[in-house]
């Protein structure tokens, strides 16, 4: 027996002597002369991970490695891993460059290459390439050209299998090139059949056909794919075996006629006939079947004179039968799992066999080859499993791999910054695990895949994880239907990708400016507001309570919410009425910042101070923190979810009741909604943490009010019905809204079942004397109902009015913390607290706590300088008694006036507001009716119109939409009716709504809305659906923003609004225990050809870059338009690729689902279908055009 020479000795021999003859005695006892000729350099006629795999083997053997690369691959890693690299196919399409045989041979001859390794794919199964290599005096690392030809010809391979006594599947006798031949075969032999590329594998050009009407189309597509991938579109057709296992046997043969098998691999986990996960050895394969299969494979190899590495593939059915499919006369992608279980390096073995060594010399006799444990290979690809595995291309913004014991990675261009092009296969990295049994191997693989962090492109990792956790997979119960029959594999837990999305947002702000409109030129202050510490009760009693599981020492003291939760709304109202002191509601979290800072305060800052409020202000009546304008502003401008805000506040403030503003039948919108929308909204609000619903109607229209009350009550909330106050009950000359008007309304609301009665003085018109009169009158009529007063301090008389209310019998008044009070906000909390200290109405709040609370907001307010009301309003103003502008509208109206170019005319706007109110009939003014008045006022100033001119020209003027809808009755009927003749002149013959607007609306189909949203967005929740029911377009825009930029609410406010400074370090806390450390490094001065600008960051000490489209600079260069995902008529490219077939033209009528265009990318073809029926209005593409993902293809109207 020949003793193998040590590897180091071979390296020495290889360099010392170019040609040596060695004589061996083979195991069969006869002698043969085999020429050993060392290889000094190997060129790999391939790219990617297989090229690198061969280079590594060469390096270990002391052989020089040579790479070739296409023009498109000049930045690819494989050329850098080789000792030498040369470009081929300059000017040719990407794939054709690697198919250019003459140029590859020229590179070999010019650079002293000894041998060529073909890898897999490309030229690996082209016999003419193998022959060209040999004819050039080089060695081909693979089977002989004759074997390559015969095994690549599926007909010849079948004949050989028959001759060798290997079972086969019925099929065509030769390659089929026309659809007519395909149809004839199908008619003769019946369906199902499978089309396979006659001159290539890997799943390219493969189709299963089960319907006769699909034969022609499937043949054309399969043939076209095969031609693109292998240069020949001929197909092989055979009967399709149902429910087979796909098992392949790995072989090695030498020049002396020795052949061994390295056991089998199970490749049954396939999608579209492409292997996704491979296992070695095949689990649950009976030993007798394995022995027969491996014996048949070896027999076939000997019969055809096979040498080097190769694979014989079989289909095995449930009865133990197996059928020959084909021979892959090359190295397989999944060779890695065989290497892991046998310990044999297949690539090194290929090279050594090509040098002339025999298997016995290498120590590879069948008795010495034994499998050890189980190995799994997962192909991580840049394909999106949630989108039918469409190839995903782009830049790898982040790449972090999984590693550790039992894990092997074979990859190529898998690194941060790598570009994934549409030109080649989507394989990114092969991950191989090895352990003693299948479950342990799967566990290692699972862990490794979870360690991966890949950002910038979608990958199939979520799908692979689902496969690895499937019980049938873990027990080895597999066949080629495994993926098709397990739809749960396609239910993915979404990857959050939060860090990279946030970097994209920061880059967007740095390149293109603020992503929320700033109302003024002022910048946010560079402060980090001090958050007062939360007290901990570490007394022995508290620690004992925690030990007993009653309450943690970090929990705040109990508040009134405990009564709501345990005893319900009625008990809560009774408790409030029974208290003798004045209770306060803090509006700092909502109405105060709506009034002073244009509703722009973010959850980030609200949540910071929430624990302090919970601990120090537990005896508040409630905290007003949600609803009203904050709902849509959160979505529209702050890019955060209002439902998440409510949920997170509730987690931090479990003890204080929350109160929201509910606009009756308008919910938190500006229009009427179907009744079921209002009911569903209230139900969801209570589930998320809301307690008290302040229900009002902008016109005090009882039908709208009562609907809101019923919805809040049915949801389990405390109903606080509000009477919107206007006019002056202390002025006998003002008779429209007199004392009787308000007491009658109070009677109706108490009769309707309100738990608490509220007076909502939204403009701050309630003077102290009027307050005394109004509260006394209501208290006398309803002694048992709690009374709650809301006002604004626009005139400066707010504290006096609230004290008057308290003395007249009110139970609760609204205040805002001092630094967020005054002017259009609520009266000062500290002022009210101090004024009542030592009196029977003492609020029982500590002024020192109020001061600390105020200090936080004093600093925080400076972060919102761009929205600061004091930019235009320096103090309170008693002219509010004339114009009656609501406090919450005052600053917004100012900013609107500035944006419309009316900033210098705001005094005129205020005067016009008074005139507009009288024109409309002197109405109650609160959202949305206040918007109607404000819109008309600005319309009058813009067009220089007086009230008389408006009335005179009403029939010819184009009024704001809100004014027209109000006059139609879309928000209800005002007290005293609509103004005439204005209404008739404006509406003319337009329709009018009689009665409650919502009564005429059909119930909203929430299920359909959810399905519609799912068509455009992933991970849609019931909260998203509710938001969309109220604000369809705003919610749609928010969802797109969230998908693109992630949780921007986690950013500090200054960073969110204007971005970081270059060189600035800052932190972002994503969740408890997960904090990002970021630093803005630089922004590139030069644009990329596509208009992108590169922005550099450091994240957790690692360099990260993002590419941001410069929206200003790009105007000067041509960039293909993108499809707007929110517009159904715009058809975008589902994947990057080349247009190969356009099936429609401008003006054509198309049906939903009709094929429009065929794209080709990564050797896969995709038919783009019409998303809706319509007419092709515009075509943005031409044949041969290369598209990026989401590039606009056409517009269908």
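Glycine is treated like the rest: Cβ placed from N, Cα and C.
Of all Cβ atoms in the shown protein chains, 27 besides its own fall within 10 Å of the Cβ of residue 330 (active site). Taken from TrEMBL, the feature active site covers 330.
Sequence-distant neighbours of residue 273 (ATP binding site) (same chain, six or more apart, CB under 8 Å from its CB) are 194, 203, 206, 208, listed in sequence order. The ATP binding site feature in TrEMBL is assigned to 154, 238, 273.
Cβ neighbour count for residue 591 (Mn(2+) binding site): 30 (other Cβ atoms within 10 Å of its Cβ, all protein chains included). Annotation source TrEMBL lists Mn(2+) binding site at 591, 760, 790, 792.
Feature annotation from TrEMBL assigns substrate binding site to 663, 927.
Per TrEMBL, domain 'Biotin carboxylation' is recorded for 38-488.
Annotation comment: TrEMBL describes 158-355 as domain 'ATP-grasp'.
According to TrEMBL, the domain 'Pyruvate carboxyltransferase' annotation covers 582-851.
Annotated domain 'Lipoyl-binding' per TrEMBL: 1128-1197, in sequence order. The average pLDDT computed over the domain 'Lipoyl-binding' (1128-1197) stands at 85.
For 760, the entry in TrEMBL reads N6-carboxylysine. If you take the C-beta of residue 760 (Mn(2+) binding site) and look for same-chain residues 6 or more apart in sequence within under 8 angstroms, you find 694, 696, 722, 723, 724, 725, 790, 926.
If you look up TrEMBL, you'll see 1163 marked as N6-biotinyllysine.
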For the binding-site residues 154, 663, 790, 792, the one whose C-beta sees the most other C-beta atoms within 10 angstroms: 792
Surrounding CB atoms that lie within 10 Å of the CB of residue 238 (ATP binding site), all protein chains: 21
Rounded distance in angstrom between the Cα atoms of residue 792 (Mn(2+) binding site) and residue 154 (ATP binding site): 86
Length of the line joining the Cα atoms of residue 154 (ATP binding site) and residue 330 (active site), in Å: 15
Beyond the site residues 154, 238, 273: chain residues whose C-beta lies within 8 Å of the centroid, for ATP: 171, 194, 195, 196, 206, 236, 237, 325, 326
Alpha-carbon spacing, residue 927 (substrate binding site) to residue 238 (ATP binding site), which is rounded to whole Å: 71
C-alpha spacing of residue 330 (active site) relative to residue 591 (Mn(2+) binding site), in angstrom: 73
Alpha-carbon distance [residue 330 (active site); residue 663 (substrate binding site)] in Å: 72
Residue counts (helix, strand, coil, in that order) that DSSP gives for the domain 'Lipoyl-binding' (1128-1197): 0 helix, 38 strand, 32 coil
Other C-beta atoms that fall within 10 angstroms of the C-beta of residue 927 (substrate binding site): 25
Farthest-apart CA atoms of 154, 238, 273, residues recorded for ATP, distance in Å: 17
